[in-house]
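One structure is given below, encoded as structure tokens.
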Amino acid sequence: MSSCVSHHHQVGVRPRPGGRLPAAVASFLPPAPRRRRRVACAAMSAEAAPGVEPAEAEPVAAALAEMVEEAAVWCAVHGLVVGDRADPRSGMVPGVGLVHAPFSLLPARFPTSFWKQACELAPIFNELVDRVSLDGEFLQAALSRTKQVDAFTARLLDIHEKMMAINKKEDIRLGLHRSDYMLDSETNSLLQIELNTISSSFPGLGSLVSELHRTLLKQYGKVLGLDSKMIPRNWAATQFAEALGRAWAEYNNDSAVVLMVVQPEERNMYDQYWLVNHLKESYGVTTIRKTLAQVEAEGEVLTDGTLVIDGRTVAVVYYRAGYAPTDYPSEAEWRARLMMEQSSAVKCPSISYHLVGTKKIQQELAKPNVLERFLDNKEDIAKLRKSFAGLWSLDNEEIVKAAIEKPDLFVLKPQREGGGNNIYGHDLRDMLIKLQKEQGESLAAYILMQRIFPKASLTPLVRGGDCFEDLTISELGIYGAYLRNKDKVVLNNQCGYLMRTKVSSSNEGGVAAGFAVLDSVILTDE
């Protein structure tokens, strides 16, 4: 759940004419293009549809053209920025080679009823992650076959097993999660894509986009027929910082620091620095940033379990790296992960929370009667089930047969985390046939998932100061924070959201990876 990789989409596209603008304004837009049109935003709306007087289009065209420049300036002065790939130092040296994060010029329309449903699910999923994390036997058994075919999951399970062997207890447990959803046009329902339990990215920049859109619509909303008050407030950055600050307080050592584990190169560092700044300003907490290799070189666990890095006691370990095999290029990084896990520091996430976020566990939890093993409230269980898309292991021969016959209705997801891994269409059919012939353990390396068909809409996107239009689909991520100290739940909140919008021709999305843009939500009655 990277700050810079994609978050596994499994979608088809159902075009929806008109896009972001209300019907009266949308009529000024040209028909949806077959491919991207790199045209000025002014041209997008000035090309009046038949029967629309050019004069009526002019205020909209003028507004959109002005908005592009104003939005880019707003990004620069409010820190809605990422490192520029063109500058080799931009991922390592703060303040060097900044560009605005790619964004949608207008917020995504989203029905209020589905918005409320997604927000209500956050505290239930938080509780579920905590309950499942405490059942080590369940995690080990559910992932036992995955372990045979995925070396990365196997290494995580080895650490988990070591912690079970010494009966390691995590009294203070902190989860900063993000559950991702799409609206399926086939079933008119909100369906979960996945639950991220490690390195849930963009709380900092995501909350800024909501403010950007609110600012733009306060000035231009009347012309565009959009009301800035319908953009929900987004406190993701401050609420994530609050959860980290309160976890630090529960650790109860005023001289301790928060350790943010980061990648050696991170162009999305400013998303992370928003949390660092909030922690310092609101809670007086110092954050140190270290790579896994630096943790191994500079860290030690004292006999009483205290984690010390470069001479400083660590109260909370917050992972913004460590979720992908590429984060562990040598044994040093694995030694660092094990060392932190053995310590008494609060981990966000602990190894067990991390494992709960794997795709295989998502699929296990979707099986009949499994949620009942962890949750007591029947209403909560029903709410979770309603959001589950179809999920199957490849042991299910009937489903595999259906997927070979109609591959476009499914997506094949490898157990690996990180983007660019999902298999679709003809490739899916070929892979299933190949796996059937091989049989054996290789079937356990994948799960099948129902493919979701969101509606596509025409959207003005801004990247590198240029505005262009394209058909897009959107994915809503709802952040959740959970903090527990032994029997006391300190907090269990839904805290903000992330809207990501991607060009619908791309199967994989991910803002920092370059396929998608940051967005916000404008609530509608639809």
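Cβ coordinates are placed from backbone N, Cα and C, and glycine is handled just like the others.
In TrEMBL, annotation is done automatically, which means it is predicted and not curated.
Here TrEMBL flags Arg178, 198-201, 266-268, Gln272, 320-323, Arg500, 511-512 as substrate binding site. Residues or ranges marked as ATP binding site in TrEMBL: Glu194, Lys359, 413-422, Tyr424, 449-452, Glu475, Lys502, Glu508. According to TrEMBL, the Mg(2+) binding site annotation covers Glu194, Asn196, Glu417. Summarising the annotation, TrEMBL assigns domain 'Glutathione synthase substrate-binding' to 256-356.
Positions of TrEMBL features highlighted on the structure.
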residue: Arg178; record: substrate binding site; CB count, 10 Å: 28
residue: Glu194; record: ATP binding site; CB count, 10 Å: 23
residue: Ser199; record: substrate binding site; CB count, 10 Å: 29
residue: Ser201; record: substrate binding site; CB count, 10 Å: 25
residue: Arg267; record: substrate binding site; CB count, 10 Å: 23
residue: Gln272; record: substrate binding site; CB count, 10 Å: 23
residue: Ala321; record: substrate binding site; CB count, 10 Å: 23
residue: Pro414; record: ATP binding site; CB count, 10 Å: 17
residue: Arg451; record: ATP binding site; CB count, 10 Å: 24
residue: Lys502; record: ATP binding site; CB count, 10 Å: 25
Q) When the domain 'Glutathione synthase substrate-binding' (256-356) is classified with DSSP, how many of its residues are helical, how many are strand and how many are coil? A) 43 helix, 26 strand, 32 coil
Q. Taking all residues of the domain 'Glutathione synthase substrate-binding' (256-356) together, what is their mean pLDDT?
A. 98
**Q.** Pairwise CA distance, Tyr323 (substrate binding site) versus Asn196 (Mg(2+) binding site), rounded so that it is a whole Å
**A.** 10
Q | Fewest other Cβ within 10 angstroms of its own Cβ, chosen from the binding-site residues Tyr323, Tyr424 | A | Tyr424
(Q) Nearest by CA distance to Asn196 (Mg(2+) binding site): which of the binding-site residues is it, out of Arg178, Ala321, Pro414? (A) Arg178
Q: Using C-alpha atoms only, work out the spacing between Arg178 (substrate binding site) and Pro414 (ATP binding site) and round it to an integer in Å.
A: 20
Q. Of Ser199, Ser201, Gln272, Ala321, which binding-site residues come within 10 Å of Tyr424 (ATP binding site), going by C-alpha to C-alpha distance?
A. none
Q. Say you check the Cα of Ser201 (substrate binding site) against those of the binding-site residues Pro414, Arg451, Lys502; which is nearest?
A. Lys502
Q) Including all protein chains shown, what's the count of other C-beta atoms within 10 A of the C-beta of Asn196 (Mg(2+) binding site)? A) 24
Q: Round to a whole number and give the Cα-to-Cα distance in Å for the pair Pro414 (ATP binding site) and Ser199 (substrate binding site).
A: 19
